[in-house]
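In what follows, a single structure is set out as structure tokens and then discussed.
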Amino acid sequence: MLEVVISDIQAREILDSRGYPTLYVKVITNTGTFGEACVPSGASTGIKEALELRDQDTSRYQGKGVLQALKNVKEVLLPVLQGVSIFDQILIDSIMVEADGTPNKEKLGANAILGVSLAAAKAAAATLGRSFYRYVGGCFAHILPCPMMNLINGGMHANNGLQFQEFMIRPIGAHSLQEAVRMGADVFHTLKNLLNDKHLATGVGDEGGFAPQLKSNSEALDLLVLAIEKAGFQPGEEISLALDCAASSFYDTKTETYAGKNSQEQVGILADLCDRYPIDSIEDGLAEEDFDGWELLTAELGENIQIVGDDLFVTNPELIAEGISKGLANAVLIKPNQIGTLTETSEAIQLAHSQGYTTILSHRSGETEDTTIADLAVAFNTGQIKTGSLSRSERIAKYNRLMAIEEELGSEGLFKDSNPFSGE
């Protein structure tokens, strides 16, 4: 029987949803089967993320070109991967990590390595005639994730004065992924009408949520609660709220304060918001270096709500293990491009789950039409996904893919709709 191996890798520079370059990669086997992947890019990034290689040539794309990463795919990764079994994902990824030889993939670029890693896995799935989620997750892949929908954008995702980066809804009362998407869409359109009535802008931010000029984080939360009610749902019962504070973006490392507030005061602000609003998840409520603050936040709120580490962990198994040992957070945001390979992404998720931490598969603010994260959320049974609002086709593509997976799974599929920290 002919062994199926990597025979060619193609790559090209494409544009993401913000109009900046990113990589498209195609891995082709000796039997003609292939897999394709487009690499996302973040605006709000953790300092310990794997390096996204950019050209720094200011004469094109404001220095954000990825021609060097593209060159690395063709001239470095292709030669070392030709002839490698398409089904040996661990070997494929380890060869690339070794070829790079740096702790944060700065030599070849995490964007180059991830593109090849994902495209190779998709080529393997195509060779077997399987859906990508089924190839990666096997027979255990069956949980449809509850979406965390970013309806109001702030922080580094919008230029509107809001301190926090994402104000999200979670359709926890839905009984299926399709129903969850419908509920989110109803609230999204209701919110747009509310903004129009208040003569507020209805332009959207990077992730498809609205970016109105508001005076405070509380005003954004008030609008979401009102939109939920006007759409015919019960806040906290059918639809809950979630925050991504992206606190590192407003943390002063010299004074160790958050807009003038110390860590304990910042935790107090978040606790007060949880008392006043049906919030059941807070991401990056403290800065990534503020371990003492994270301990306070987890102790204060961690028994009742999800405390999510993004910049804190950057999908890195070593950092996740360190955080677990210190009792920081109780959930991990998973972004494959933060670590750079499918194998390491899998390791991060398995480690988190083994220690009772929940996981959330996440997009980036710079996305493409690639729907990989939808399949990965089901493959790894994360139970939750962040893939933006109910607008912009690069966000909607993921929801549409999830609904297709739900239909394919049929009675085998289970929609994950509860907060694991609520005691329900």
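Using the three backbone atoms N, Cα and C, a Cβ is placed for every residue, glycine included.
Feature annotations, courtesy of Swiss-Prot:
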BINDING   Gln165, Lys335, Arg364, Ser365, Lys386  (2R)-2-phosphoglycerate binding site
ACT_SITE  Glu207  active site, proton donor
BINDING   Asp244, Glu283, Asp310  Mg(2+) binding site
ACT_SITE  Lys335  active site, proton acceptor
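Annotation: Glu207 are the recorded positions among Glu207, Asp244, Glu283 whose CA atoms are within 10 angstroms of the CA of Ser365 ((2R)-2-phosphoglycerate binding site). Take the mean position of the Cβ atoms of Asp244, Glu283, Asp310, the recorded Mg(2+) site; other residues of that chain with a Cβ within 8 Å of it are Gln165, Glu166, Leu243, Cys245, Ala246, Ile282, Asp284, Val308, Gly309, Asp311, Leu333. Each of the binding-site residues Lys335, Arg364, Lys386 was scored by the number of other CB atoms within 10 A of its CB, and the lowest score belongs to Lys335. Of all the recorded positions in the record (Glu207, Asp244, Glu283, Asp310), the one with the smallest CA separation from Gln165 ((2R)-2-phosphoglycerate binding site) is Asp244. Rounded to a whole value, the Cα-Cα separation of Lys335 ((2R)-2-phosphoglycerate binding site) and Asp310 (Mg(2+) binding site) is 9 Å. For the pair Lys386 ((2R)-2-phosphoglycerate binding site) and Glu207 (active site, proton donor), the C-alpha distance works out to 10 angstrom. Within 10 Å of Arg364 ((2R)-2-phosphoglycerate binding site), counting CA to CA, the recorded positions Glu207, Asp244, Glu283, Asp310 contribute Glu207.
In this structure the alpha carbons, written CA, of Glu207 (active site, proton donor) and Asp244 (Mg(2+) binding site) are 13 Å apart. DSSP classifies Lys335 ((2R)-2-phosphoglycerate binding site) as coil under the three-state reduction. Under the three-state DSSP scheme, Arg364 ((2R)-2-phosphoglycerate binding site) falls in the coil class.
For the (2R)-2-phosphoglycerate site listed in the record, the two most distant Cα atoms among Gln165, Lys335, Arg364, Ser365, Lys386 lie 17 Å apart. Glu283 (Mg(2+) binding site): 28 other CB atoms within 10 A of its CB, across all protein chains.
Most other Cβ atoms within 10 A: among the binding-site residues Gln165, Ser365, that distinction falls to Gln165.
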